[in-house]
There are 2 protein chains.
Amino acid sequence: MKQWLPSFSFLYQKRPRTRRRSINLSPPVILASGFLGLIVLGTLLLKLPFATEQPITWLESLFTATSAVTVTGLVVVDTGATFSGFGLSVITLLIQAGGLGFMTFAVVAAISLGGQVGLKQQMLAKEVMQQTSLGSIKKTAFAVVTLALVAEAIAIVVMTVYWTAEKGFVNALLESVFYAVSAFNSAGFVLTPNGLVDYQAERTITLLISVLFVIGGLGFSVINNIYEKRRWNRFSVYSKAILIATLLINAVAMAILWLLESGNPATIGNMPWYDQAVNAWFQAVTPRSAGFNTVDTGAMTEASAVFTLLLMFIGGGSMSTAGGIKLGTFIILLLATYTFLRRREAVTLGDRTIPQDLVMKALAVTIVYLGLIFAGIFALMILNSLPFIDIAFEVLSASATVGLSRGITAEVTDSSQLILIFLMFAGRLGPLTLGYFVATPKKRHVRYPDTDIQVG
Amino acid sequence: MKQWLPSFSFLYQKRPRTRRRSINLSPPVILASGFLGLIVLGTLLLKLPFATEQPITWLESLFTATSAVTVTGLVVVDTGATFSGFGLSVITLLIQAGGLGFMTFAVVAAISLGGQVGLKQQMLAKEVMQQTSLGSIKKTAFAVVTLALVAEAIAIVVMTVYWTAEKGFVNALLESVFYAVSAFNSAGFVLTPNGLVDYQAERTITLLISVLFVIGGLGFSVINNIYEKRRWNRFSVYSKAILIATLLINAVAMAILWLLESGNPATIGNMPWYDQAVNAWFQAVTPRSAGFNTVDTGAMTEASAVFTLLLMFIGGGSMSTAGGIKLGTFIILLLATYTFLRRREAVTLGDRTIPQDLVMKALAVTIVYLGLIFAGIFALMILNSLPFIDIAFEVLSASATVGLSRGITAEVTDSSQLILIFLMFAGRLGPLTLGYFVATPKKRHVRYPDTDIQVG
Ligand SMILES: [K+]
Ligand SMILES: [K+]
C-alpha cells in the first residue's frame with residue numbers, strides 16, 4: 001500500500017515525516033471509511049427526535065442516510081412528509097457531501113495517481129485532466145467545488161424566482177436549495193411522495209433539473225475540458241467520446257420511451273405532444289443515474305422498464321455524480337468487441353489506442369457489477385414474493401445508485417432492505433475502487449507457457 | 001477469406017486445383033449454409049401430410065425443424081401426439097445431423113485451424129486435440145462419430161430392456177432410439193406433452209438420460225483426453241478446468257435447487273428424499289443445456305428460475321452438443337477478473353498463461369451474447385403481455401439452445417416465434433463463428449498513441 005503515499009502526502013503534509021508510516025491507507029480505504037463515517041453520522045442525526053415529524057426506525061434512518069450519501073434516491077419513507085426542517089437539512093448536507101465529496105475525490109485521485117505509475121500514465125492523466133503538475137491538485141479540487149456551487153446557485157436563483165409567487169420567498173428558497181443539491185448530485189431525492197409527477201407539466205422545473213443532473217453526470221474532466229478548450233476539435237478523445245455517446249444514448253432512449261409510452265394513458269398517453277416530448281426526454285435521461293421521475297415509474301410499460309434496466313446499467317461519466325458501470329466502460333466494451341470482430345490487433349478510438357490494461361479494467365468492472373446485480377436479484381427473489389421485473393428494477397436501481405423504483409422499496413423484507421443498502425454502497429464505491437488497481441504497479445510473476453481454453 | 005482454404009481442402013480434395021477459387025467459403029459460412037439447408041429440408045419434410053397426425057402450419061414446421069437442428073428442444077406442438085412415425089424419424093435425423101454434425105465440424109475445424117496460424121497456435125491445437133498432424137483429421141472426425149454412436153447404442157440397449165415389458169419390444173426400441181439421440185445431442189425433445197415429468201420416479205431412465213447429455217455436453221476434446229490419457233495428472237489444463245468446473249457448478253446448482261424446491265409441492269416437495277435428490281440433480285444439470293425436465297418448469301419457484309437463467313447463460317463445453325457462452329468462456333471471464341483484482345499481469349490457469357487473444361474472444365462472445373439476449377427479451381416484452389420472468393427464461397433458453405420453457409412457447413405471437421427461431425440459430429452458430437476470428441491473421445494497422453478512457 002506504500003505506493004499510494006507520495007501523491008497523497010498533500011493531504012497531511014503538516015505531519016512530521018517520521019509519522020507517515022502510521023497512516024498508510026490506500027485511497028479506496030480512505031474513501032470507503034469516509035463514506036461509512038458519513039452514513040453512520042447521518043443515521044444518528046436522522047434518528048434524533050426533532051429530525052422527524054413522526055418517529056422512524058433505525059433501519060429507515062440507515063436506509064435514508066445511505067441513500068443520501070450514495071446519492072441514490074431510493075426511499076422507504078416519504079421524505080417531505082417524514083422529516084423536519086432539521087432532518088431535511090441533514091439530508092441535503094449528506095447528499096452534497098456524498099456527491100461532491102466523491103467527485104472531488106475521484107478527480108484528485110486521478111491526478112495524483114498520474115505521478116505514481118511512470119511517465120506514460122502521467123501523460124495520460126495529464127491529457128484527461130489538463131493538468132501539468134501535482135502542485136495544481138488543490139486548484140483542481142477547488143475547481144470541482146466551484147463548478148458544483150455555481151451550477152447549484154444558478155439553479156437556486158431560477159427556481160426561487162419561479163416558485164416565490166406560489167410558495168412565498170422563504171419556502172421557495174429552501175425547496176430550491178434542496179432540489180438544486182439533489183439534482184446536481186444526481187441524488188433523486190424529492191419532497192413530494194410521488195417523485196416529480198406533480199411537476200410533469202412545469203417545463204421550467206423539469207428541464208432545469210434535467211440539465212443539472214446531465215451536467216453533473218458528464219464528469220468533471222469533460223466539463224473542465226469544455227471550459228478550458230471551448231472548441232470541439234481541441235477536446236480530448238475521451239471528452240468527445242463521452243459527449244457523442246451521451247447525445248446518442250439520450251436521443252435513442254427518448255425516441256424509444258416516447259414510442260413505447262405514447263399509448264399509455266397512465267404515463268404520457270394523454271399529454272399534448274410537447275409535454276410528451278419533455279417527459280420522454282426526462283425519463284430517457286434520468287436512469288443514467290439521476291433517479292428523478294416525472295411519470296409513475298411503476299405504471300410504465302414493462303418493455304420500457306426493461307429498456308430502463310439497460311440505461312441504469314450503463315450509467316454516466318467517470319468522475320461524476322453518476323453510477324453504473326460508467327459510460328467509458330460501456331464504450332470500451334463495445335469497442336473491444338468491434339475490434340475483435342474486425343480481427344484488429346489494438347482497440348482504437350479516433351487516432352488513439354486504448355491500452356490493454358483499460359480493456360481488462362472494463363471487463364473486470366463489468367463482471368463484478370454483473371455478479372453483484374445477479375446475486376442481489378437472486379437474494380431478493382428468495383426473500384420476497386414480488387414480480388421479477390420489479391425486483392430486477394429495484395436491484396439495478398440500487399446498484400447503479402439511480403433511485404428509480406417500481407414501488408417496492410418499502411415493501412420488501414428488512415433483510416432485503418439491508419441488501420439494498422449494501423448494493424448502494426458497493427455500487428457507488430466499487431467501480432472507483434477497482435479503477436485504482438489499473439494505476440498501481442503490477443505484480444510480476446514467472447511467465448508461464450501459453451495454454452488454450454476453448455471459448456466458443 | 002482465402003486463409004481458410006488450405007486446411008479445409010480435404011473436404012473437396014478430388015476437385016481439380018484450378019477450380020478452388022470458386023469455392024472460397026470460410027468455415028462459418030459453410031456451417032451456417034449447412035444448418036440453413038438442414039432446416040429448410042426439415043421444414044419441408046415435416047410439412048408433408050403423412051409426417052403429422054393432424055396438419056400443422058408452416059411456422060410450426062419451421063419452428064420444429066429449427067429447434068431440432070439447433071438441438072434446442074423448444075416446441076410449439078406436442079411432438080409425440082402431433083407427428084407420425086415418419087415425422088418422428090425426420091426429427092430424430094435432424095437432431096442427429098444438427099448435434100453430431102456441429103460437434104464434428106467444431107472438432108475438425110479446431111484441428112485444421114491449427115495449421116494456419118503459425119507454430120504456436122498449432123501447438124496449442126495439438127495440446128487440446130492430442131493431434132500430431134493434419135493427416136489425422138479424418139481419424140478424429142471418425143472418433144467423434146464413433147463416440148456418439150457407441151454412447152447412443154449403449155443407452156438404446158439399456159432403455160429397450162427397461163421398457164420392453166411395459167411397451168413391447170418394437171415400441172421400446174423405437175422410443176429408445178429417439179430418446180438416446182435426443183439426450184446425447186442435448187436436444188431435449190420428448191414424446192410426452194410435459195417433458196419427462198412422467199418419468200420423474202424412474203431413476204434408471206432419468207439418470208441414464210442425464211449421463212448421456214452430461215457426456216455430450218463436456219465436449220469432444222475433454223472426452224478424447226480422458227480416453228487417451230486415463231490418468232488425471234496427464235490430462236490437459238483445459239480438460240482439468242472443464243471437469244472441475246462441471247463438478248463444482250453441478251454440485252452447487254443441485255444444492256441450491258434442492259433447497260429452493262424442497263418446500264414446493266408442485267415440484268419435488270412431496271417426494272421421498274432420494275427422489276428429491278435425483279430430480280434436483282436432473283434440474284441442476286439440464287439447464288447447461290440439455291433442456292429436458294423431470295419437474296414442471298413453470299411450477300418451479302421464481303428464485304429457481306432466476307438461478308436457472310445463469311446456468312443456461314453459462315452452457316456447456318466447447319466442441320460439444322451444448323450451447324451458452326460455454327464453460328471455457330465463463331472460466332476465462334472469472335480468471336481475467338481475478339487477475340485484474342490481484343493486479344497481476346497475465347491471466348494464468350494452473351501453470352499456463354491464457355493468451356490475451358482468448359481473453360478478448362471471451363469478452364467478445366459474452367458481449368455479443370448479452371446484446372442478443374437483451375434485444376430478444378426487449379422485443380418479446382414489446383410483442384407480448386407476459387411476465388418478465390417467463391420471457392427472460394424463454395429468450396435465454398432459445399439463445400443458449402436449452403429448450404426449457406415456463407410454458408409460453410406456443411403462446412407468444414407469430415413474430416415472437418420467428419425471433420425465437422432466429423435466436424436458436426444465432427445462439428447455436430454464433431460463438432463458434434466468433435471463435436474462428438481468434439485463429440485468423442490479424443489486420444495490422446498503424447499503431448496509434450495511447451489514450452485514457454475513464455472506466456470506473
Ligand atoms: K440517483
Ligand atoms: K437443448
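In case you wondered, yes, glycine gets a Cβ from its N, Cα and C as well.
Residues or ranges marked as transmembrane segment in TrEMBL: B:25-46 (among others). When Cβ-Cβ distances below 8 Å are used as the criterion, the transmembrane segment (B:25-46) is approached by residues 1, 4, 8, 52, 56, 58, 61-62, 64-66, 68-70, 83, 87, 90-91, 94, 97-98, 101-102, 105, 109, 425, 428-429, 432-433, 436 of the same chain, each at least six residues removed from its ends.
Per TrEMBL, transmembrane segment is recorded for B:58-77 (among others). Away from its own ends, the transmembrane segment (B:58-77) comes close to residues 35, 38-43, 45-47, 91, 94-95, 97-99, 102, 182, 185-189, 290-292, 321, 323, 394, 397-398, 401-405, 409-410, 414, 417-418, 420-421, 424-425, 427-428 of its chain (Cβ-Cβ under 8 Å, at least six residues beyond either end).
The annotation transmembrane segment is assigned in TrEMBL to B:97-119 (among others).
Annotated transmembrane segment per TrEMBL: B:140-165 (among others), in sequence order.
Residues or ranges marked as transmembrane segment in TrEMBL: B:177-197 (among others).
Per TrEMBL, transmembrane segment is recorded for B:204-223 (among others).
According to TrEMBL, the feature transmembrane segment maps to B:235-260 (among others).
What TrEMBL lists as transmembrane segment is B:323-341 (among others).
The transmembrane segment annotation in TrEMBL covers B:362-383 (among others). Within its own chain, the transmembrane segment (B:362-383) is flanked in space by residues 313, 325-326, 328-329, 332-333, 336, 391-392, 394-396, 398-399, 412-413, 415-416, 419-420, 423, 426-427, 430-431, 434-435, 437, which lie at least six positions past its ends and keep a Cβ under 8 Å from the stretch.
Summarising the annotation, TrEMBL assigns transmembrane segment to B:418-439 (among others).
The list of residues near the transmembrane segment (B:204-223) in space but at least 6 beyond its ends in sequence, with Cβ under 8 angstroms from a Cβ of it, reads 99, 103, 106-107, 110, 128-129, 143-144, 147-148, 151-152, 155, 158-159, 162, 179-180, 183-186, 196, 236, 238-239, 242-243, 246, 250, 278-279, 281-282, 285-286, 288-290, 292, 294, 316-322.
Across B:140-165, B:177-197, B:235-260, the stretch most heavily in contact with the transmembrane segment (B:323-341), judged by Cβ pairs under 8 Å, is B:235-260. Using a Cβ-Cβ cut-off under 8 Å and counting only residues 6 or more beyond its ends in the same chain, the transmembrane segment (B:140-165) has close neighbours at 96, 100, 103-104, 107-108, 111, 129, 131, 171-173, 175-177, 179-181, 183-185, 204-205, 208-209, 212, 215-216, 220, 223-224. Same-chain neighbours of the transmembrane segment (B:177-197): 67-68, 71-73, 75, 78-81, 88, 91-92, 95-96, 98-100, 148, 151-153, 155-156, 159, 205-206, 208-209, 212-213, 215-217, 286, 289-297, 316, 320-323, 401-404, counting only residues six or more beyond its ends whose CB sits under 8 Å from a CB of the stretch.
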